[in-house]
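According to Swiss-Prot, the features are:
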| type | residues | note |
| --- | --- | --- |
| COILED | 910-954 | coiled coil |
| COILED | 1138-1166 | coiled coil |
| DOMAIN | 15-296 | domain 'BetaCoV S1-NTD' |
| CARBOHYD | N31 | N-linked glycosylation site |
| CARBOHYD | N134 | N-linked glycosylation site |
| CARBOHYD | N192 | N-linked glycosylation site |
| CARBOHYD | N357 | N-linked glycosylation site |
| CARBOHYD | N435 | N-linked glycosylation site |
| CARBOHYD | N568 | N-linked glycosylation site |
| CARBOHYD | N576 | N-linked glycosylation site |
| CARBOHYD | N599 | N-linked glycosylation site |
| CARBOHYD | N648 | N-linked glycosylation site |
| CARBOHYD | N804 | N-linked glycosylation site |
| CARBOHYD | N1101 | N-linked glycosylation site |
| CARBOHYD | N1120 | N-linked glycosylation site |
| REGION | 1-330 | region 'Receptor binding site' |
| REGION | 781-802 | region 'Fusion peptide 1' |
| REGION | 881-931 | region 'Heptad repeat 1' |
| MOTIF | 1231-1235 | motif 'KxHxx' |
| SIGNAL | 1-13 | signal peptide |
Amino acid sequence: MLFVFILLLPSCLGYIGDFRCIQTVNYNGNNASAPSISTEAVDVSKGRGTYYVLDRVYLNATLLLTGYYPVDGSNYRNLALTGTNTLSLTWFKPPFLSEFNDGIFAKVQNLKTNTPTGATSYFPTIVIGSLFGNTSYTVVLEPYNNIIMASVCTYTICQLPYTPCKPNTNGNRVIGFWHTDVKPPICLLKRNFTFNVNAPWLYFHFYQQGGTFYAYYADKPSATTFLFSVYIGDILTQYFVLPFICTPTAGSTLAPLYWVTPLLKRQYLFNFNEKGVITSAVDCASSYISEIKCKTQSLLPSTGVYDLSGYTVQPVGVVYRRVPNLPDCKIEEWLTAKSVPSPLNWERRTFQNCNFNLSSLLRYVQAESLSCNNIDASKVYGMCFGSVSVDKFAIPRSRQIDLQIGNSGFLQTANYKIDTAATSCQLYYSLPKNNVTINNYNPSSWNRRYGFKVNDRCQIFANILLNGINSGTTCSTDLQLPNTEVATGVCVRYDLYGITGQGVFKEVKADYYNSWQALLYDVNGNLNGFRDLTTNKTYTIRSCYSGRVSAAYHKEAPEPALLYRNINCSYVFTNNISREENPLNYFDSYLGCVVNADNRTDEALPNCNLRMGAGLCVDYSKSRRARRSVSTGYRLTTFEPYMPMLVNDSVQSVGGLYEMQIPTNFTIGHHEEFIQIRAPKVTIDCAAFVCGDNAACRQQLVEYGSFCDNVNAILNEVNNLLDNMQLQVASALMQGVTISSRLPDGISGPIDDINFSPLLGCIGSTCAEDGNGPSAIRGRSAIEDLLFDKVKLSDVGFVEAYNNCTGGQEVRDLLCVQSFNGIKVLPPVLSESQISGYTAGATAAAMFPPWTAAAGVPFSLNVQYRINGLGVTMNVLSENQKMIASAFNNALGAIQEGFDATNSALGKIQSVVNANAEALNNLLNQLSNRFGAISASLQEILTRLDAVEAKAQIDRLINGRLTALNAYISKQLSDSTLIKFSAAQAIEKVNECVKSQTTRINFCGNGNHILSLVQNAPYGLCFIHFSYVPTSFKTANVSPGLCISGDRGLAPKAGYFVQDNGEWKFTGSNYYYPEPITDKNSVAMISCAVNYTKAPEVFLNNSIPNLPDFKEELDKWFKNQTSIAPDLSLDFEKLNVTFLDLTYEMNRIQDAIKKLNESYINLKEVGTYEMYVKWPWYVWLLIGLAGVAVCVLLFFICCCTGCGSCCFRKCGSCCDEYGGHQDSIVIHNISAHED
C-alpha cells in the first residue's frame, strides 16, 4: 500500500495537504518569487553543518568520517515566507515544497525581538514527510515559547498550512493552523526540547538513513549535537517551511530567514581537541586543497606533489530522447473490462510501442496495493520496456495469500504460477460488482464457494510483466520530459529511450542501424552510440574524462598548481573538469593542461621540490606571488640538477667502492607453478555422525548444547570463505586475463617429448653412465659413433691396457703385446684392416719362399698371442664358475641349517603363544562375565545396562566422536586458512605476473620475469612463467653514490654507478650496460653526508627452564589421597606363564649367518671392453679411387689451360743443366753381373 501512495504523489498533490482547515486568513493566487539565494556560502571549516557522531568521543584526533554533510562552498536557499493576513496559493507548491532526499541543514533566524508582545512562535514550523496525510508519518518541529515541540505522527496536514506568531482561534476547534484530525493521530514520538531564546541563530541538522530519522541542534555556528532519532521505516521525500503569519510591532519590519542547504553523503576530515570538541572540518571533495588534506589526513599538509583521484567531468547539459507521437496503450480500459475470468482461465494481453501512465492507471482502477519483484516499484515511473504483458483474473479475498511471491498455495499449484525470475509487479484492485461478470468458473465451483465480492466490490488480481527493461519503446509517461537537442563535444547527462548515463556525443555517418534499431553497444555491453529516431542522425558516445590530476602544493601557498595529464585546457574548461570557473592562468604542456602556474619551461633549475616528471618542475615563491598579483607564485620550469659533462669532474665515491657481479648474459627459463585456490566443500550431519538413528543417543546429544550447530556454522564459514576466495580469484581473472592454452605448433606429440640431447651433447654428471663405455670416457665423438661399428668383449685386465698402448694406431698391434701371468696375450678380436694385413703377409710368405718367408712371422705371432688371450679369458671364466658353484653350495647348506633352527624356534614360540592365548581367553571370559560394557553398540548398551550406566557409556561414546569431529573441524579450519593464503597469493600473481611484468626476482618463476600464463587446474590455477636467468657475470667496481664538487650528491636509481674505462657511468642492477649518468637514472641529494646506522644485536634466549621432577609432582598430587583397589577375585593361577629358552637355536642361526658370509664369491675381475672396428678395405679402396679420379681431373684441367706444358718445360731444362746428356744403360742379368 505504501508504494501506491508514493507513486501517486506527483499527480495527486496539488498542494501540500489533503484537507482544507478552517482558515483565519485570506488567500489569493498571486505568484510568489522563487526562494532567494544567499550570498553567504556554506563554510564548514569550524564545524558548521556537521554533527557529533552518536555515542562516540574522539580526543586529540584527526580522522576521516563519512556521513551526511553539506557541500562546502555551496549556497543557502531562504524558504521562509511571511505575510500579515493573506496567503498566496503558489507558496504551497514547488520550489517551496522541496525534495528532502538525504537530508537538509538549516540556519534559522530567531525573531523574538521583532515579534509582538504575547507572541508564542519566533520562527516558522517545518514539516517533513511524504504524503502529509493520515496514512503516513510526518515529522514536525513547531516552536512554542522557549521550547521546540517535536512530533512524528500520522497528521492530516491542511491544504494551506501556516504558522501564526500569535494564535487566535476565535473559538473554532482548530488544533493548530497546519493540521486537523478528527481523532488523535498515531504517533511514534512526541517530545519537547528547550532552546536558547536569546541566540540570534539556530542550527538544525536533519537526515534519514535506513528508515531512521535523525535530528541535531545547535545555537552556535559549530557542530550540532544530538536531539532525537526515531525509526519510521518509510522514506521521507518532501519538506515544507510553513508561512509565518505575523503583524510586527509598530516601527519594525518582520523578515524571517530560514536558510536551507541539502545534505549529501560525503567524506569529511575532522580535528578533535583534548575535550572532544570539533575544532576544524574539511569537506574532502570540495576543493583541490581539501582533497590533499584528506589524502594526507593533515590540516597542514607538507610540500609535495599529490595525485588526486576524485575528479570526473561534470555534465553541462541533458540529452533526453523518447519516441514521439506514440499512441496510448489503454491498459486501464482492459483492466476495467466487465468480463473478468476466474483463476482457472486467466487471460493475458501484451502492449507494445505505446505509452502508459502508471499513476493514472492506479488511480483509475482504485488500486489497493502494488508490489514488484526484481525491480523497485518507484523505478517503474519513467522507464521504457520492450513490451508490457498483463495477466488478470478475479480472486477471492481469502485466497490472496496464495499469490504471494514464493508461496506454494493452492492457486499457484493448480491455477496460476507467478514466475519469480521474471521482472513483474503484482496489482490488487477492485471494481463495482454490478459492472463485472465472472466467467469460466472451475467445474468444482470452488471459486463460487469462496466468492469474489467484498463490500459490493469484485476483487481482481493483475500480474504486470515488464519485458526488456530499458530496451524498447513501451514507456511510462509519469516522469517523461520533452525531447532536447543533442549537444556534441561536451559532457552531458543522457536518457535515451530509458538508458541513462553520461558521455560525450559526436555526430558520425553510420549505415549499420536497421529501421527498428536505435542503440549501439560494444562487446562489454556498454552504450557506444545511438540513432536519433527524430532526426535520423547517428552519434557515437564516449565516456567523460575521469583521469589523473597531479597537484603541486607548497605549504606556504593557499592553493596548489594543477596538472591535468594527457588532456588540453580547452577540454578541461569546456567540460567543467576544473572546479575553478575562471582560473588565474593556465596553459598547455606536453604533459597536459597546467593550471595556476606560469609557463617558464625555458628556464632551468638545479634543485626542485615539486617534480612533475619528464624533467619538469614546479617552483613556488611567496615573494613572486606578492609582487605580481596576476601570478599564483607557481611556475613550471625545466629541472636540470647537473650537466652531463660535469659528472666526471671532481667526482668522489660516496660510501666507498665495492666489487659486485652484474649479469651480462642470460638464458630463458621455464617454470610451472600450481597454486590451490579452492577445495571440496564439506557438510556434516552431526547428529547422524555421532548417534546414527538411535533415538536415546540423539536425545542425550541435546544436552551438549549447540555443539552440532557450531560445527555446521564453522563448516558454513569455511565454505563461504572458499566461495569468497574463489570469487575474488575469478574477479581478478575476469579483469583483463585470458586463461591460456597451448597453441598448435605443428609438432605431432607433446613438446616435452622432443629430445634435444643429440643437439646439445652430453650434459651433467650422468654422461659416463649414459655414454656406453669408452666412447664417453675417452671423448669419442658422435661422428665416430656414426662411422665405425662397435663390438664388446670380455676383459680380464689386458684389453684396456692394449687399447691405451695402440692409441687407435693398428700398425702398433704387435708392439703392444701384453703380459698376463707371464704369458703374452693380445685381444682375440681383429678389425678388417688387421685381418687384411695379416692375410697379405701370410699369402706372400707362401707364394715366394724362401725370400718372403719372413713376412709370415707377424701372422704367426698374432695368431699365437690371440689364442693365448682367448685361453686366459676362458680359464678365468672357468675358475669363476667353480668358485660360484662352491659358494652357492655352501650357501644352500647354511640356509637349510638356518631354516631348521628357525622352524624349531617358531615351534617353541607357537606353543608358548598358544598357551598364553588360552590363558588370556579365560581372563577375558571372566572379565566379560563381570562387566557387561564390552560392545560399542548403543543398542546393546541400552539393553544390557541400567539407565545410569547406559547414559554414562553413551556419554563416553559421544565424547569420543565429538572429539574426533572437533579435530576434523580444526583441520578444516587450518586447511581453509592455507587455501585463503594461497588464493591471495594466486590473486597477487595474477595481478603482478599475468597482468604485468614484475620487477621482483624469483617471484614469477626463477630469475627476471618475462611473461606468465595462467591455466585452469583441478582445485587451483597453474601458472607458466617464462624468465631469463643470468649465465655470466661482469665483476665491476660500484659505488652507492657520487659526490660532485664536494657539496652535491648523486644516488643511482634502480641500478649502480660503475667505473667504465676510467669514467663513472650508470648501469642497471639486472643487466650490465654502462650508460651516461642523467637525471633519468639518478637522484640528486642536497649533501654528500652518509648516515650510518647499526642494527642492535639480538640473541634468542636458549636456556631451558628448570622444571620440577615428575616424582615431586606425583607426590604432591597423591598427597592426602586414599585409594582402595577393587577385589576382582580373578583366577590368576590358571595363567601359565612360560619363559622361552632359545639360546641354542639362536646360536645355530648365527653359525648359518657366518657360513653365508664366508660364501662371498671373490671373482677375478672380468671387465667389458668396447672397441671400434674400422671400415673394410673395399670402402677405403673406393675412397682412394675417388681421390685418384679427382687428381686425374685436376691434371686434365691443367693441360687444357696450358699450365702443364710450361711446368714440364721448366722441369726438363733443370735436369739437363744438372746432369748433362747420358746414354741409357740396361742390365739384363743381375746374377751374371755379380759374377
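Every residue gets a Cβ built from N, Cα and C, even glycine.
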Taking only same-chain residues 6+ apart in sequence, whose CB is under 8 Å from that of N568 (N-linked glycosylation site), what do you get? D588, G592, C593
Cβ atoms other than its own within 10 Å of the Cβ of N192 (N-linked glycosylation site), all chains, total 10
So how many other Cβ atoms are close to N435 (N-linked glycosylation site), meaning within 10 Å of its Cβ? 12
Among N134, N192, N357, N435, i.e. the glycosylation sites, the one with its Cα nearest that of N804 (N-linked glycosylation site) is N357
So among N134, N357, N435, all listed as glycosylation sites, which is physically nearest to N599 (N-linked glycosylation site)? Use the C-alpha atoms. N357
Would you mind ranking the glycosylation sites N134, N357, N599, N804 by how many other Cβ atoms sit within 10 Å of each Cβ and giving me the lowest? N804
Per DSSP (three-state), N568 (N-linked glycosylation site) is coil
Averaged pLDDT score, the motif 'KxHxx' (1231-1235): 36
I want to verify one value. Collapsing DSSP to three states, which class is N435 (N-linked glycosylation site)? helix
Just the number: how many Å between the Cα atoms of N357 (N-linked glycosylation site) and N134 (N-linked glycosylation site)? 26
Cα-Cα, whole number of Å: N192 (N-linked glycosylation site) versus N134 (N-linked glycosylation site)? 22
Cα-Cα, N134 (N-linked glycosylation site) versus N435 (N-linked glycosylation site), nearest Å, comes out at 31
